[in-house]
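Let me begin by handing over the structure; questions about it come next.
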Amino acid sequence: MGFSLAYLLNLPMRFFERRVFYRLRAKRTLSILTVYLLAALLAALLLGLVLPQLVQSVMALVKNVQGYLHNLNDLAALLTDKLHIDEAIVTQLGVTYRELVQKMTVAIASAAPSLLNLPVIIGSGVVAALTALISSIYMLAGKDKLVFQLKKVLFAALPTHKARRLLSVAGHANEVFAGFITGKLIDSAIIGVLCFIFMLIFQIPLPLLISVVIGITNVIPFFGPFIGAIPSIMILLIVNPWSALWFTILVILLQQFDGNILGPKILGDSTGLSAIWVLVAIIVGGGLFGFTGMLLGVPTFAVLYSLSSDVVAAKLKERGIDAAGNPLAGEAGQGEPQTEEEESPC
């Protein structure tokens, strides 16, 4: 946990060290202090403002279920009287809707006490959090020395060319992971904020609760938007079916904007993977390691894919052929089989 925290905070720390405090002798110390102060402010903001509103939203959702059922009657009347939809279909939809409400209410009610006990859960993890915090500070403060010592061990234990190759792979992996994680966090934060703003504009209920869900799940590539949108739509179906419809349209538009404009602008081609390999990485990573695997499966697979591509390219070059089996330029005529005419002694 300490290493993960240090790795995440290393990215903004490098920014402050290279762009803000680069002329000062104590630039590393000032950068670390600045990053941890900003992280503490963000944590205080989430715990002090966002968390109470999330709990309030969940409690209000459970409390007002009976009022939400009246919305179903109004919708049924509209479908029957105004749109002339068969009453049997409307009745069946109503039965299904009420069953959904009951299941969602039970699920939310069972989750609400755990939200209320969240301060106790946080308090029980104070020791682990402090340990991770202190260890991450030491890692960031002495990272240059730590890296130098690791290099010494590598060059002492391995042949020079293998040590250099391993360092090259580690550097490439760091670039892929740093670029992907930073890009996804920024991208997801923007999507969450945009979702919150548009939900306020269109007066869709529970804007903070749903926007937090959308922002967090958007970190997961490919499946993240579905994981966040489906339960949010189900919750809104309980509150107001029309709001669920407008929210569905909003999510589709946001994901189109994210997939075609925002995501490529922020992430670029940070992984170098095609869509099919991204999908494979998420499925395999999620199946093996759950949420963490879905999040980190893509950059991990990107590093492995890059390494395997280098190995294949080296083997092809060694054999003097390209990916289609044709001789490389300058290799034509070398090692080609003789014709029958050349093989004949006559």
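Here the Cβ of each residue, glycine as well, is placed from N, Cα and C on the backbone.
TrEMBL annotations: computationally assigned, not manually curated.
Model, not experiment: these values are computed from the prediction.
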Of the ranges 28-47, 208-227, which one does TrEMBL list as transmembrane segment?
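Range annotated as transmembrane segment by TrEMBL: 208-227.
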Residues of the same chain, at least six outside the transmembrane segment (274-307), with any C-beta under 8 angstroms of its C-beta?
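Those are 169, 172-173, 176-177, 180-181, 184, 219-224, in sequence order.
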